[in-house]
Amino acid sequence: MFFYGGYPFKREIEEREIEIMPTPKIVYIHFSQHQGRPAQPIVRVGEKVKIGTKLGEPDGEFSASIHSSVAGRIVSIEEYPHPVLGKDLCCIIESSEDEWQEDIREIRNYENLTRKELVEIIRDKGIVGLGGGMFPTHIKISPPPDKRMELLIINGCESEPLLASDYRLMMDFPEGIVEGAKIYQKILGANRLILAIQKGKSEVKDRLKKEGIEVVVLKNYFPMGAEKLLIKTITKREIPQNLLPWDIGCIVLNVATCYAGYQAVKFNKPLIERVITVAGDGVCQSKILRVKIGTRIKEIIDYCGGYKERVNKIVMGGPMTGISQFTDSVPIIKGISGLIILSRIFQASQRVCVRCGSCVDSCPMGLLPVEIYKALMAKDIEKAKDLGVLTCLECGLCTYYCPSHIPLVHYFKLARYKLRRIQSQIYE
């Protein structure tokens, strides 16, 4: 079970235990931590909140709830640096006591709940895709009535170099992940449930199999964790360009999304914290941390011993697909699984394409990046679309391998954004 292209990156941080980072004095919780419309604030400046208090209601169906990760007082609601959007509306809370919302951590007997009731819990607790996509989970697990779900794949393939957050979750909380997966299986009515991990994770495999789940072991190549590649590798079926996984009877959920769903359904706990990997040559101590949503980069780095030397780049996410940050005042949002601090980066001038074919050989989707690039340079976005730019995973391998240092994935991201804007205008 494999795909064409890719790269065999290695990780050396996997055996670190998850550390619980102390609650920061102030958290910065954005109302946009998901795909779709930002949540609408339902709190006011000066108001006291508890851990788990809802701060924002979904603005329509394609949105998600936002909750407080600390107990304290709201000192401001203002525009603040956002890891993806530049600046966006943010609730700034000064933390004080460790006081939880009354109904959180109560053990719920959920076996007799209907699918609709389970979906509503997932929606109310603000669960989104934690593999990086941040797609509202209540939408993803609510396919159209005419779509029959045959297979639910739980994605444990953390193929980005340096990241090990999902691995530690599987090692430390296998029961919760499997129980969460079975909750989602019940909601979807899927006949089959598979948990996919990568080669070399034998201890994880043994722990998960003890919980009574089918485990599939795949080769340790980046970007094995990409949704379309995972489905193609396991089912041998390819998703057409304009269709979604549920069109072929399949849904993919990340292991962290499963664990968050389990905590939401069983303990009534909203998504207010997550496990992240902190790594790179620019930080004193690499760690795997459980942090409160809204904790800023600077507080996390201080907890990890500070910056080691002059920092050239801060990346939220993985080193291949993550987003560079312009300040360490940016807070953690729901979809961030890693923080990479780099002191040494290789910079080279872009040269003319030598048509070596390295980008073609490395593309896991079998695209022709050089031809898409030529079409975009000729301002022929329709030809780029015909060549499959919308199928691009934005994995960055074409850029990584290019000897001419052409930022191919940068051009592809811009083209995909423009095409989606055009499509959204058509449907409005």
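A Cβ is built for glycine as well, from the same backbone N, Cα and C atoms used for every other residue.
Features of the protein shown, as given by TrEMBL:
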type	residues	note
BINDING	C353, C356, C359, C402	[4Fe-4S] cluster 1 binding site
BINDING	C363, C392, C395, C398	[4Fe-4S] cluster 2 binding site
DOMAIN	343-373	domain '4Fe-4S ferredoxin-type'
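Positions of TrEMBL features highlighted on the structure.
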residue : record                          : DSSP (3 states)
C353    : [4Fe-4S] cluster 1 binding site : coil
C359    : [4Fe-4S] cluster 1 binding site : helix
C392    : [4Fe-4S] cluster 2 binding site : coil
C398    : [4Fe-4S] cluster 2 binding site : helix
If you measure between the CA atoms of C359 ([4Fe-4S] cluster 1 binding site) and C392 ([4Fe-4S] cluster 2 binding site) and round to the nearest Å, you get 12
Around the Cβ of C392 ([4Fe-4S] cluster 2 binding site), other Cβ atoms found within 10 Å total 21
Rounded Cα distance, in Å, between C402 ([4Fe-4S] cluster 1 binding site) and C392 ([4Fe-4S] cluster 2 binding site) is 16
Quick note, C353 ([4Fe-4S] cluster 1 binding site) and C398 ([4Fe-4S] cluster 2 binding site): C-alpha atoms separated, nearest Å, by 12
Between the C-alpha atoms of C356 ([4Fe-4S] cluster 1 binding site) and C395 ([4Fe-4S] cluster 2 binding site), the distance in angstrom, to the nearest integer, is 20
Note: in the chain of C398 ([4Fe-4S] cluster 2 binding site), residues six or more apart in sequence with C-beta under 8 angstroms of its C-beta are S358, C359, S362, C363, P369, L408, V409
C395 ([4Fe-4S] cluster 2 binding site), Cβ-centred 10 Å count of other Cβ atoms over all protein chains shown, is 26
Taking every residue in the domain '4Fe-4S ferredoxin-type' (343-373), the average pLDDT works out to 89
When the binding-site residues C359, C363 are compared by other Cβ atoms within 10 Å, fewest goes to C363
